[in-house]
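What follows is a single structure, written as structure tokens, with notes after it.
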Amino acid sequence: MRVSVSGPAAAAVPTAGREPSTSGGGAVAASGAAVPGSVQLALSVLHALLYAALFAFAYLQLWRLLLYRERRLSYQSLCLFLCLAWAALRTTLFSAAFSLSGSLPLLRPPSRLHFFPHWLLYCFPSCLQFSTLCLLNLYLAEMDMLVSSDWPGMCCVAQDVIKLKTHMPQHPK
């Protein structure tokens with residue numbers, strides 16, 4: 001949809017091919033990017049390496065659970081599996097910056113992606129983070145119920161505060 005502006009406001013609207021000027025008087029770079037391409041590429045490499053390291057850590061921890069014959073369906077294994085899936089999707093997203101000529105994929109998603117890959121790379125990791133948060137809340141609620149059943153009338157947080165206060169050195173007033 002095209003909108004035409006007439007009158008004095010028309011002078012303030014930039015035309016196609018012309019970039020608006022900044023308050024300092026200088027023109028904005030022709031690429032429109034606030035961060036240079038080399039910095040974007042370096043950040044993409046850093047993020048991809050960090051997410052790959054997180055993926056390797058979660059993968060090794062899952063193998064450790066299997067090797068030591070721990071319970072296969074536990075809070076720890078579910079959390080590690082969610083972390084593994086999240087790190088794999090993030091590693092894939094940031095390693096895609098290499099094939100997109102160094103443009104950071106989070107700033108400008110490619111328009112040629114279909115619905116499912118776009119949803120998988122950009123939306124599903126948020127769902128995995130929410131699931132991990134819910135899992136941690138469920139685990140903490142279960143631990144709080146276990147502690148409060150042993151000591152009625154006291155929750156887990158209150159006990160931690162009491163333990164901290166009793167072990168802290170007293171300062172003279």
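Using N, Cα and C of the backbone, Cβ positions are placed for all residues, glycine too.
No curator has checked TrEMBL annotations; they are predicted automatically.
If you look up TrEMBL, you'll see 1-17 marked as compositional bias 'Low complexity'.
Annotation source TrEMBL lists region 'Disordered' at 1-24.
The transmembrane segment annotation in TrEMBL covers 48-66 (among others). Sequence-distant neighbours of the transmembrane segment (48-66) (same chain, 6+ residues past either end, Cβ-Cβ under 8 Å): 72, 76-77, 80-81, 83-84, 87-88, 90-91, 94-95, 97.
Under the heading transmembrane segment, TrEMBL lists 78-99 (among others).
Long-range Cβ contacts of the transmembrane segment (119-140) within its own chain (Cβ-Cβ under 8 Å, at least 6 residues beyond either end) map to 75, 78-79, 82-83, 85-86, 89-90, 92-93, 96, 105, 109, 113, 156. Marked as transmembrane segment by TrEMBL: 119-140 (among others).
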Next item on the list: Please indicate, using numbers and ranges, the residues of the same chain that are 6 or more beyond the transmembrane segment (78-99) and have a C-beta under 8 Å from a C-beta there.
Entry: 40-41, 44, 47-48, 51-52, 54-55, 58-59, 61-62, 65, 105-106, 120-122, 124-125, 128-129, 131-132, 135-136
